[in-house]
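**Student:** One structure coming up, written as structure tokens, with questions to follow.
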Amino acid sequence: MPAFKTLDDLTDIAGKRILVRVDLNVPVTDGKVSDTTRIERVAPTILELSEKGAKVILLAHFGRPKGEPVADQSLSLIAPSVEEVLDQRVAFASDCIGAPAADAIAAMNDGDILLLENTRFHKGEEKNEAGFVAELAKNGDIYVNDAFSAAHRAHASTEGIAHHLPAYAGRTMQAELEALEKGLGQPTRPVVAIVGGAKVSTKIDLLSNLVTKVDALVIGGGMANTFIAAQGINVGKSLCEHDLAETALAIMETAKTAGCAIVLPVDGVVAREFKANAANETVDVTAIPADAMMLDVGPKSIELVNDWIGKAATLVWNGPLGAFEITPFDKATVSAALHAAEQTKAGKLVSVAGGGDTVSALNHAGVADDFSYVSTAGGAFLEWMEGKELPGVAVLTKG
Ligand code: AMP
């Protein structure tokens, strides 16, 4: 990955207007922010810039308002939580461009923090429209992007604007990029990837990329059934995409050519119902009863997975090994998570995990803080695992 500029390269910023793209797309229940993790993640960048005397102007989107103002997707609803997390006054402007933004910025003192209204209230945001980009850029002297989670989109506030202003990575973006570099960019070998979750169809690009980069790919979860079935084994009523048999075989072939070991479950925990504490039994994958479904990988497979984690210097993980939301089918995911956490704490493993359910699974195992890095970025993390260039990152690393 080419070098990118960070806040360490920003000197003499007192009085400068710094437009900071942050992720404030937080969950809201009954009009209240129910999880402030994303706000906490961007707080260090905001506070550092404010302490250095910059005028900190926050740009963010919230929800999917489709280019028009929508009352319940106004960032004014989030502003109080931002104030609370930062423990600083945060002013609010009712538009991210035009007079409301200009007037609020003119009223700022050095070190002040201002939140501009949802960028997606304008059609130009998602279209990365030149006129809108210029309007946004007019409000700042410097641009800082701290929203890795939005970096897979070439929008005005994530990509376009960086062509107009000197652009820097914020602290969270920096930490994410450095962790990802250690995960797949320049990893210490051997590198093992664990990919689980429901379906192969949502992760074809990801699997195809990983087999060319890692030394071993452990496949678990529902998607393992598709690989097992592709080899002519009957998987009963297990979740399985039979139409993707050829895709699965092609991925295995690519892996073979690239020298990547594919590790599939050898046994599984099967049940007749998809519900907590459903009656279950452990069988070899070659003996799945016709009326049963595999909901977790079995003890022999857990041992295999943990052996691979033990051999790895770097681990990249997306997706649970089983239906971890319902006991006892969380066993394999929890066991592998605990083992990876132990290895990481012992300094033997760099562990990078992310993507939707993976974060909940690691939280469920109680080890999210023990991994080297857990990305909450979702789509952007998956696109990175797919080996795609993220426009919001590319623009920080070019020129
Ligand atoms: P994904 O979003 O693709 O990472 O999939 C996560 C979902 O896969 C979770 O909700 C799990 O319950 C589900 N899952 C994992 N293993 C299985 C399995 N063997 N059968 C059915 N669903 C599974």
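Cβ from N, Cα, C; glycine included.
A quick note: this is a predicted structure, and the numbers were derived from the prediction, not measured.
According to TrEMBL, the substrate binding site annotation covers Asp23, Leu24, Asn25, Arg38, His61, Phe62, Gly63, Arg64, Arg120, Arg153. Marked as ATP binding site by TrEMBL: Lys203, Glu325, Gly355, Gly356, Asp357, Thr358.
Please situate the listed features within the shown structure.
**Tutor:** For Asn25 (substrate binding site), the same-chain residues lying six or more positions away in sequence with a CB closer than 8 A to its CB are Arg38, Ala60, His61, Phe62, Gly63, Ser149, Ala150.
Other Cβ atoms within 10 Å of the Cβ of Glu325 (ATP binding site), summed over all protein chains shown, number 15. Secondary structure at Glu325 (ATP binding site), taken from DSSP and collapsed to helix, strand or coil, is coil.
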**Student:** Name the residues of the same chain, 6+ apart in sequence, whose Cβ is under 8 Å from the Cβ of Asp23 (substrate binding site)?
**Tutor:** Arg38, Arg41, Val42, Ala60, Asp146, Ala147, Phe148, Ser149, Ala150
**Student:** Do you know offhand how many angstrom separate Gly355 (ATP binding site) and Arg120 (substrate binding site) by C-alpha?
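**Tutor:** Checking the Cα atoms of Gly355 (ATP binding site) and Arg120 (substrate binding site) gives a distance of 23 Å.
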**Student:** Of Asn25, His61, Arg120, which binding-site residues come close to ligand 1, meaning Cβ under 6 Å from one of its atoms?
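**Tutor:** Those binding-site residues that pass the cut-off are none, since no Cβ is under 6 Å from ligand 1.
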**Student:** For Lys203 (ATP binding site) and Arg120 (substrate binding site), determine the Cα separation and express it in whole Å.
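**Tutor:** Here the two Cα atoms lie 28 Å apart.
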**Student:** Using all protein chains in view, find how many other C-beta atoms are within 10 Å of the C-beta of His61 (substrate binding site).
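**Tutor:** Excluding its own Cβ, the number within 10 Å is 26.
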**Student:** Near the Cβ of Gly356 (ATP binding site), how many other Cβ atoms are there if near means within 10 Å?
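**Tutor:** Taking every protein chain into account, the count is 16.
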**Student:** Within 10 Å of its Cβ, which one of these binding-site residues (Gly63, Gly355) has the largest number of other Cβ atoms?
**Tutor:** Gly355
